[in-house]
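According to TrEMBL:
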{"type": "TRANSMEM", "residues": "B:28-54", "note": "transmembrane segment"}
{"type": "TRANSMEM", "residues": "B:60-81", "note": "transmembrane segment"}
{"type": "TRANSMEM", "residues": "B:116-138", "note": "transmembrane segment"}
{"type": "TRANSMEM", "residues": "B:144-167", "note": "transmembrane segment"}
{"type": "TRANSMEM", "residues": "B:174-195", "note": "transmembrane segment"}
{"type": "TRANSMEM", "residues": "B:207-230", "note": "transmembrane segment"}
Amino acid sequence: MFGLSNPQRFMRFTGPLTPVLWTAAAVLLAVGTWLSFTVPADYQQGDTVRIMFVHVPAASLGLGAYAALGVSSFFALVFRHALADAAARAAALPGAAFTALALFTGSLWGQPMWGTWWVWDARLTSVLVLFLFYLGYMALRASIDDEQKGARAAAVLGLVGLINLPIVKFSVDWWNTLHQPASFLTPGASGLDPVYLPPFLTMLAAYGVLFAALWLTAIRTEIRRRRVLTLRARKALEA
Amino acid sequence: MSRPVDAEPRPPGLRGATRVLLERELDLAWSGGGGPLLACGFFACLTAVLPLAAGGDPRTLSPVAGGIAWLALALASLLSLERLFERDLEDGALDLLAIGHLPLESVVLIKALAQWIAVGLPLALTAPVAALALGLPVSLAPLAALSALIGGAGFALTGALGAALALGAKRGGLLIAVVVLPLFIPPVVFGAGALERAASGQSPAPALAFLTAYVLFAGVIAAFAGAAAVRNAQG
C-alpha cells in the first residue's frame, strides 16, 4: 500500500484501473437499478421500499468518504504527504454529493412513511452536520490563497470532523427516535427480507465502486493539475 | 534552575506569562469599538428580531424562548472571533507569542479564556434578560445565566479553533461562521435542552452535565488543533 504513495507509481497503477472501475460501476448501477424496480413491493412500505436501495448506499458512502477524507487528512498532516492531501481533497466533493443524496432520498421516503419531510432526530441532524462539515472543509480550502496552508488548515478541520462519524453511526442506538436502527448488519439474522438482498447488495457494491472510480479519477486529476502548475512555474522561471 | 548569566531581566515564569497574556487579551477585547458591549447589543437586536419573525404571540413564543435565546447566544458569540488571531498575525504579535515561554496550545487556551471572560460573561448576564423578554418563566432565569455561562466557554473554545483555522483566509468572518456553527450545535442542543427540561419540571442536571462535557472536550481539541492551525498559518 505504501509503495503507491509515490505519485508516479500511483498514476501508473491506477491508469488502467480507473476505466475498469467506471465500467464496473456502470454495470452494477444498471443491474442494481433493474433489480430495484423488479423486486416485489413491500407489504408495509409499498413501492417506497425501493428508495432504500439508493438511500442506504448513499448514506454509507457519505460516511465512508468522510472516513477516507479524515484518514487522508491525518496522513497529509503527519507525514506531509502530497498524495494523501490530494486524496483528502478528492474525497470531499463526492462525499458531499452522496451525503446530500442520502438526505434528499431520506426526505422523499420520510414524507409518505413518517408523514414529514424532515424531523430533527439525532440521525438526521448528525448527517446534516456531516454535510456541513464537507461544506466547511471545501470552503476553508477554497478561501485560503496559499494552497499549502489552506490544505493543512482544512486537514485539521477534517480531523476534527471525524468526531462526528461515530455520532452519526450510533445516533440511532443512543437516542431512540424516529430513524430506525441498522437492520442489515445486525448480529445474528439480518433484519432485511431475503427478497431485498440482491438489489440492496448490488446497489451497495455499485455505490462503493462508483465512489472508488470518482475518487481515483479526482486524485489523478489533482496530480495532473499540480504537474501543470509545476511545469508552468518552471517555464515562467526559464522565460 | 540556574539563573541566566547576563543581566537581562528575569523572564516571567509560566504563571507570569499566562497572567500577562490574559491581561493583554482582556485589554484588547475591552478597548475600542465598544468591546463586549457590541456583542451584547447584537444579542439584544437578535432577541428583538427573532420573536417578531416568529409572530410575537406569547403562547407560541414562550415554549421556544430558551431555544431562541440560545440561538441568539450562539450567533452573538461569533462576532469578535475574526479578530482573535488575525490581528496578532497581521502585526507580528503571534510570532512573538510562538517563540515565547508559553506553548502555543496554552496561548490558544488563554485567548479562549479571555474571549470567555470578555464576551461570554457579559452575554451570560444578558441571556436571562433576553430569555425573560421572550417569555421564559422568571424562576428559570438563574438557570439561563448558568447554562449560558457554561455554554459560553464552549463557544469560546470552539470559536478559537475556528478562528485559528480561518487565519489567512479571504472573508475570514463568514468562513469562521460556516466552520464553527456546525460545531455549535451540541451546546445549543444541550443548553436549550436544560431550559426545556427545567420548564417541564425535570431536572436540568443531565443536560448541564453534557454541556460541561462538551466544554472539556472542546478544550482539549481546541488547544491542539488550534495550535496546529496557528503554526500552519505562520508557515
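Cβ coordinates are placed from backbone N, Cα and C, and glycine is handled just like the others.
Here the transmembrane segment (B:207-230) touches the transmembrane segment (B:144-167). Their Cβ atoms form 3 or more pairs under 8 Å, with each pair 6 or more residues apart.
Within the same chain, the transmembrane segment (B:174-195) stays apart from the transmembrane segment (B:28-54): fewer than three Cβ pairs sit under 8 Å, each pair at least 6 residues apart. A Cβ distance under 8 Å defines the sequence-distant neighbours of the transmembrane segment (B:60-81), meaning residues of its chain 6+ beyond its ends; these are 29, 36, 38-40, 42-43, 46-47, 50-51, 54, 115, 118-120, 123, 127, 130-131, 134-136, 140, 144, 148, 151-152, 155-156, 159-160, 162-163, 173, 176-177, 180-181, 184, 187-188, 191-192, 194-196, 199.
Within its own chain, the transmembrane segment (B:116-138) is flanked in space by residues 25-26, 29-30, 35-37, 39-40, 43-44, 47, 50-51, 58, 61-62, 64-66, 68-69, 72-73, 76-77, 79-80, 144-146, 148-149, 152-153, 155-157, 195, 199, which lie at least six positions past its ends and keep a Cβ under 8 Å from the stretch.
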